[in-house]
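Novice: My questions all concern the structure below.
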Amino acid sequence: MFSTLLAVFIGGGVGSVARWQLGVKFNSLYPTLPLGTLLANLIGAFVIGGALAFFLRHPHLDQDWKILITTGLCGGLTTFSTFSAEVVMFLQSGQLAAAGLHVLLNLAGSLLMTALAFALVTWVTTH
């Protein structure tokens with residue numbers, strides 16, 4: 001039990017710091033598109049897709065590794081709450097196109113990145 005808590009703690013800490021750094025470095029570049037949030041969500045989606053495929057192929061690995069990557073790292077890195085707040089701020093300021101683009105890029109992009117990583121890791125581990 002302690003090792004699982006430690007895995008979540010370590011992964012979450014690394015993911016949260018990475019998300020914060022992405023926001024610091026990229027959110028100010030385009031005021032109508034918070035790139036740091038988008039990058040955090042796309043990278044997290046790619047990582048979790050690859051991790052799911054990898055752990056399906058390696059079920060013998062300690063589950064704490066899966067928890068560290070999926071729940072910890074990806075949970076700390078990706079950010080639905082920040083994304084939601086940004087969309088609401090766009091809507092409240094009348095920036096409907098920016099809100100719509102932000103929703104489209106985050107949702108469609110995250111689904112695409114998860115599927116892409118899953119397919120890539122599956123292909124790499126079977127060839």
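Keep in mind that glycine also has a Cβ here, set from the backbone N, Cα and C atoms.
Pasting the relevant annotations from Swiss-Prot:
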| type | residues | note |
| --- | --- | --- |
| TRANSMEM | 4-24 | transmembrane segment |
| TRANSMEM | 35-55 | transmembrane segment |
| TRANSMEM | 71-91 | transmembrane segment |
| BINDING | Gly75, Thr78 | Na(+) binding site |
| TRANSMEM | 103-123 | transmembrane segment |
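Could you give the neighbours, burial and distances for every feature on this list?
Specialist: Among residues of the same chain six or more beyond the transmembrane segment (4-24), those with a C-beta under 8 A of the stretch's C-beta atoms are 34-37, 39-40, 43-44, 63-65, 67-69, 71-79, 82.
Tertiary neighbourhood of the transmembrane segment (71-91): same-chain residues 7-19, 23, 32, 34, 37, 40-41, 43-45, 47-48, 51, 98-99, 102-103, 106, 110, selected by CB-CB distance under 8 Å and a gap of 6+ residues from either end.
All protein chains considered, the CB of Gly75 (Na(+) binding site) has 18 other CB atoms within 10 Å. Gly75 (Na(+) binding site) carries a helical DSSP state (H, G or I).
The list of residues near the transmembrane segment (103-123) in space but at least 6 beyond its ends in sequence, with Cβ under 8 angstroms from a Cβ of it, reads 33, 37-38, 41-50, 52-54, 57, 78, 83, 87.
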